[in-house]
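*Asks:* Checked Swiss-Prot, it gives:
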type: BINDING; residues: H154, R354; note: glycophospholipid binding site
type: MOTIF; residues: 524-539; note: motif 'DKi motif'
type: SITE; residues: K146; note: site 'Important for catalytic activity'
type: TOPO_DOM; residues: 1-12; note: topological domain 'Cytoplasmic'
type: TOPO_DOM; residues: 34-98; note: topological domain 'Extracellular'
type: TOPO_DOM; residues: 120-128; note: topological domain 'Cytoplasmic'
type: TOPO_DOM; residues: 150-154; note: topological domain 'Extracellular'
type: TOPO_DOM; residues: 176-180; note: topological domain 'Cytoplasmic'
type: TOPO_DOM; residues: 202-229; note: topological domain 'Extracellular'
type: TOPO_DOM; residues: 251-265; note: topological domain 'Cytoplasmic'
type: TOPO_DOM; residues: 287-310; note: topological domain 'Extracellular'
type: TOPO_DOM; residues: 376-411; note: topological domain 'Cytoplasmic'
type: TOPO_DOM; residues: 433-593; note: topological domain 'Extracellular'
type: TRANSMEM; residues: 13-33; note: transmembrane segment
type: TRANSMEM; residues: 99-119; note: transmembrane segment
type: TRANSMEM; residues: 129-149; note: transmembrane segment
type: TRANSMEM; residues: 155-175; note: transmembrane segment
type: TRANSMEM; residues: 181-201; note: transmembrane segment
type: TRANSMEM; residues: 230-250; note: transmembrane segment
type: TRANSMEM; residues: 266-286; note: transmembrane segment
type: TRANSMEM; residues: 311-331; note: transmembrane segment
type: TRANSMEM; residues: 333-353; note: transmembrane segment
type: TRANSMEM; residues: 355-375; note: transmembrane segment
type: TRANSMEM; residues: 412-432; note: transmembrane segment
Amino acid sequence: MTPVGMDRKSLSLLILIVLLGLCIRLQNFGEIFDSRIYYYGYDPYYHMRLVEAIVLEGYRPSFDYYINYPYGLRIDWLPLFDYILAFPGLFLGFWASEIFAVVFPVIIGVLCIVLVYLISLEVLRNEKFALISAFIFSVCPVTVWKSLLGKADHHIWVVFLLLLSIWLVTKPGLLKLLSGIPMLLMALSWLGAPIYAALLAVSSLFQFNEKEVRIVGISNLIPVLSSIQNLFLGFSFLAIAVFLLVGSFVKRFERRFRYAIVYYLCICSVALLSAYLMPVGWLGFVKSGISYVLGTDIYLPTIREARSFQILGVISSAGYLFFVLAIPALFMLRNGFLKVFFVLSFLISILQLRFVEVLAFPVAILASYTICQILERVDYPVFRKEEEGESKRRGRKEKKKAVEIRKKDHATVIAFLLFLALPCFANSLAPVEMTMDWKEALNWMKENLEAQDYLKAYEKPDYAVLSWWDYGNWILYVAKKAVVCNNFQAGADDAAKFFTAQSEEEAMKIVEKRKVRYVVTVEELTVKPETNKTKFIPIMQIAGYSPEYMKNKEIIDFFNKTMLYKLHVENATNLTHFRLLKNFGTVKIFEVK
């Protein structure tokens with residue numbers, strides 16, 4: 001046995017699962033470490049902009065004139081994640097933070113696999129069950145995407161803290177109190193922390209006894225300390241703590257009133273809805289939280305990960321066949337926490353696709369349980385000890401002859417699991433969004449456009465670059481130039497109006513308002529008859545049009561009259577105030593004359 005109580009065989013298998021998860025997450029190594037370090041996605045580039053300021057300037061900006069130019073924007077991202085990435089750079093230089101930011105999500109992703117294994121052990125105390133759970137989680141597409149090499153975003157960090165809290169909650173006695181510490185760290189890293197804390201709180205009511213629920217409630221007083229950073233967060237966690245403490249009192253009546261907790265949840269839901277509808281200023285944190293979950297913001301429907309009612313997207317992101325296999329376990333496994341957590345995380349994933357990251361955890365464990373039951377029924381012992389040399393089937397077949405487990409049986413089980421995981425492997429492949437054309441364009445802009453004092457976030461620069469908001473953080477971090485809009489969506493309305501403008505005069509009003517000197521366009525913004533893949537539809541929506549009520553031909557006709565068409569397709573040949581400055585294939589840079 002190993003020091004942690006695992007036999008060597010189980011430890012070896014866990015290491016193999018971790019190595020498999022590690023290999024999948026290193027898939028983009030060559031694209032990340034190119035001529036310089038690049039990151040995966042869009043938001044990581046603004047995190048690194050903040051990290052660079054921390055390391056080189058000694059402060060983290062709370063306001064930035066280099067986005068939403070020329071007005072600037074307050075930075076509402078919470079600081080802990082950026083300080084974690086900045087930590088090695090404070091001692092070794094910014095290069096250390098650049099490398100650390102690349103590998104950090106992979107490290108955290110691997111630790112999440114181990115945590116799922118540990119949580120599964122707390123659920124059933126069965127090594128095989130826990131190993132299969134860890135395997136499923138390691139290949140789950142959404143967990144891979146969130147922890148890819150170079151994905152320097154807070155998502156996998158938040159998932160790790162949630163899993164750590166859940167593991168501590170499943171521990172006996174006062175260890176449950178410690179679950180509030182990861183929640184505090186989450187509250188210092190992400191404004192949506194109360195959403196995941198609420199999932200854990202409601203699920204706890206259906207699993208633990210009165211005393212245990214009370215301890216979990218007290219643990220939620222620890223993240224109330226986050227009110228030092230943000231009052232909204234402090235009030236939210238205080239409300240969750242009160243919810244659990246009152247819930248522990250309600251648990252007393254469960255023997256007399258079977259559905260006491262259900263009634264209690266209904267009352268709390270009505271109270272929450274009333275707070276949302278009441279025109280009371282100090283309840284604004286409730287309204288903003290519910291609005292965030294419901295995705296009522298005008299920009300959210302145009303963001304891929306914030307789309308609603310993407311049921312197939314939720315199922316595929318959570319593991320395809322593993323999601324389907326998780327459903328029977330809802331009726332077989334006697335664990336209220338997992339069942340409720342699965343249902344709640346599925347519901348919020350339907351509201352916004354981004355929340356599927358927390359659905360992966362219950363899917364992995366529930367699917368593992370179903371698979372284990374299937375293996376039991378084909379005489380492969382999972383919940384029975386192999387050393388007993390006897391098949392202990394339920395019902396009338398308890399005295400059946402012993403089943404000899406051979407190596408080929410283990411190989412068959414492994415092949416079966418890999419077969420179930422094939423769709424996950426295929427869906428987990430995620431090439432870096434920044435193409436070679438973009439890399440060349442951004443580096444050319446950095447070297448050839450008028451220099452700006454990029455690290456002086458509080459000082460307004462002379463001009464801005466206008467592109468679609470998807471690419472704002474790239475232009476800001478790599479090219480070191482101010483932008484009209486970035487992934488915060490501030491300024492996106494003016495960018496959309498510019499690209500959809502039907503005349504040069506109309507477009508110039510935006511240019512003058514935003515002090516734009518350069519415009520960057522890219523092929524994927526345009527509309528082509530042979531494909532429906534375009535970002536022009538959300539551009540139209542944000543500009544105030546309704547493409548959902550237009551036929552494809554009408555959209556094409558509309559596009560052919562826009563500034564985006566006149567710039568990217570016609571290369572500004574028929575425009576007076578714009579000229580093509582540089583062409584990088586799919587990416588083009590225009591100068592305002």
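Yeah, the Cβs are placed from backbone N, Cα and C, and that goes for glycine too.
So that I understand the layout, could you describe where these features sit and how close they are to other parts?
*Replies:* Within 10 Å of the C-beta atom of R354 (glycophospholipid binding site) sit 21 other C-beta atoms, taking all shown protein chains into account.
Remote same-chain residues near the motif 'DKi motif' (524-539) are listed as 301-302, 468, 470, 495-496, 499-500, 547, 552, 555-556, 559, 564-565, 568-569, 586 (criterion: CB distance under 8 Å, separation of at least six residues from the stretch ends).
Secondary structure at K146 (site 'Important for catalytic activity'), as computed by DSSP, is helix. Within the same chain, residues at least 6 positions away in sequence whose Cβ sits under 8 Å from that of K146 (site 'Important for catalytic activity') are P105, G109, D153, H155, I156, V159, E357.
Secondary structure by DSSP for the topological domain 'Extracellular' (34-98): 33 helix, 5 strand, 27 coil.
Taking H, G and I as helix, E and B as strand and the rest as coil, DSSP gives the topological domain 'Cytoplasmic' (120-128) the counts 7 helix, 0 strand, 2 coil.
Per-residue pLDDT, averaged across the topological domain 'Extracellular' (150-154), gives 93.
Non-local neighbours of the topological domain 'Cytoplasmic' (176-180) in the same chain are 164-166, 168-169, 200, 212, 215-216, 218-223; each lies 6+ residues outside the stretch with a CB under 8 Å from one of its CB atoms.
Listed by sequence, the residues of this chain that lie at least six past the ends of the topological domain 'Extracellular' (202-229) yet keep a Cβ under 8 A from its Cβ atoms are 78-79, 169, 174, 176-181, 183-184, 186-188, 193, 235, 237-238, 240-245, 247-249, 251-252, 261, 264-265, 335-341, 344.
With helix defined as DSSP H, G or I and strand as E or B, the topological domain 'Cytoplasmic' (251-265) counts 9 helix, 0 strand, 6 coil.
Residues 6, 39-40, 102, 105-106, 109-110, 113-114, 117, 131, 134-135, 138-139, 144, 147-150, 425, 428-432 of the same chain, all 6+ positions outside the transmembrane segment (13-33), place their C-beta atoms under 8 angstroms from a C-beta of that stretch.
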*Asks:* Which listed stretch (99-119, 129-149, 181-201, 230-250) has the most C-beta pairs under 8 A with the transmembrane segment (412-432)?
*Replies:* 129-149
*Asks:* Do any residues, 6 or more residues outside the transmembrane segment (181-201), come within under 8 Å Cβ-to-Cβ of it, and if so which ones?
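*Replies:* Residues 76-81, 154, 157-158, 161-162, 164-166, 168-169, 216-217, 219-220, 222-223, 225-226, 229-230, 232-233, 236-237, 240, 243-244, 289, 292-293, 341, 344-345, 348, 355, 358 contact the transmembrane segment (181-201) from elsewhere in the chain.
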*Asks:* Go through 99-119, 155-175, 230-250 and flag the stretch with the largest number of C-beta pairs under 8 Å relative to the transmembrane segment (355-375).
*Replies:* 155-175
*Asks:* Count the Cβ atoms, other than its own, that fall within 10 Å of the Cβ of H154 (glycophospholipid binding site), considering every protein chain shown.
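*Replies:* Looking across every protein chain shown, the total is 24.
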*Asks:* For a three-state summary based on DSSP, what are the helix, strand and coil counts in the topological domain 'Cytoplasmic' (176-180)?
*Replies:* 5 helix, 0 strand, 0 coil
*Asks:* Where else in the chain does the topological domain 'Cytoplasmic' (120-128) make close Cβ contacts, counting only residues six or more beyond its ends and a cut-off under 8 Å?
*Replies:* 6-7, 10, 134, 167, 170-171, 335, 338, 365, 368-369, 372, 382-383
